[in-house]
Amino acid sequence: MNKVVYMDYAATTFVKPEVLEEMLPYFTEKFGNPSSFYSISRDTKMAIDKGRQRVAKALNCEASEIYFTGGGSEADNWAIKGIAFANKNKGNHIITTKIEHHAVLHTCEYLEKNGFEVTYLGVNKEGFIDLDELKNAITDKTILVSIMAANNEIGTIQPIKEIGEICRERKVFFHTDAVQAVGNIAIDVKDMNIDLLSLAGHKIYGPKGIGVLYIKKGIKIDNLVHGGGQERARRAGTENVAAIAGLGKAIELATVNLDKHAKKLTELRDKLIDGLLKIPYTRLNGPKGEKRLPGNVNVCFEFIEGESILLMLDFEGVCASSGSACTSGSLDPSHVLLAIGLPHEIAHGSLRLSLGDGTTEEDVEHVLRVVPPIIQRLRDMSPLWEDFQKRGEK
Ligand SMILES: *Cc1c(COP(=O)(O)O)cnc(C)c1O
């Protein structure tokens, strides 16, 4: 059996040992319901408070502005639907982008069926929005702008602070999906004028099924789950105590190690990009340099299919992704790659390799060893490549 090289950290991460250790007592001896009054419940209540404080510290906000959810998708849904329904007396217009995660896009589509109007901003070929286009899109009916901090497929980091300034000036709420950004770039909700922010545990070496929505104090938003008084009655239901404790530890570690982590990944990323671009007819998707997520590599190999690359990489023990996890299995190419202007046939040949804490120099070398012959073999079988070669000979 080959050694496994995991390069899909943008899909999910392992749980760090320190995080697991933080979680374990809440499955066994410290199991009390946090809403009860005996002492084992005080322990679980304290664990939730501690988790909340750690998240607040990492984002530079108050603990009372942090709400735990069942993950990143739930936080995105809550932010968008919650603001839309609570503020519909002010307007029915929402602005987002064409390259958001489906948790944002499909929520917006749902709202369009329910009386809201949505503007989907386009992006340039590196995946950046145009700030003037955003300014021009805001009308007196606009209530919310939702733009992701960093893209999960091509790694583009948006100018979040500038977007926040525009929204503040024009008095519209600003939500950002920061699921990929947290732990990879510095986030400060005050400095960046962010009103609502989503993040997820399992993208930052914490557990799956736990996330956060930051809601700035005083913002009018509908409650998500009606029931008991948990999460200040905004998201009812007995808390996922172990996951909250784990997320708190994970975000603390991510913040402390941010610079070191980003520097290491950036070096490995650029080595991988440079190596892959030596393969003929290969292009990089997304920007180069500082405006790209440290661990993100996304390339297109012309004349072949992304799915077949994945299959052959799997034989070599490499876990990678084409487009986003949600789109694989469908025949449509990624909406993000189409939005940056790639033609369908090229967008089909995409490969995302996302690096993380466990990635080593040897992993990068392994991938650079196995990918070129795979591409050659697939091109040798490809009718598109054959046509192209024939055209070249004429
Ligand atoms: C993973 C991801 C989500 C969804 O988070 P879940 O916790 O899996 O629901 C949302 N947005 C982005 C950008 C993501 O990468």
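Glycine residues also receive a Cβ, built from the backbone N, Cα and C atoms like all the rest.
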* Asked: Which of these, Asn92, Asn114, Asn152, Asn257, does TrEMBL list as part of the pyridoxal 5'-phosphate site with Gly72, Ser73, Gln180, Thr238?
  -> Asn152
* Asked: Per DSSP, Ser73 (pyridoxal 5'-phosphate binding site) is which: helix, strand or coil?
  -> helix
* Asked: Which binding-site residues among Gly72, Ser73, Asn152, Gln180, Thr238 have CB under 6 Å of ligand 1?
  -> Gly72, Ser73, Asn152, Gln180
* To do: Would you list, in sequence order, the binding-site residues among Ser73, Gln180, Thr238 whose CA lies within 10 Å of the CA of Lys203 (N6-(pyridoxal phosphate)lysine)?
  => Gln180
* Structure fact -> Among the binding-site residues Ser73, Asn152, the one whose Cβ has the most other Cβ atoms within 10 Å is Asn152
* Determine the C-alpha span of the pyridoxal 5'-phosphate site listed in the record, that is the greatest distance between any two of Gly72, Ser73, Asn152, Gln180, Thr238, in Å to the nearest whole number. => 31
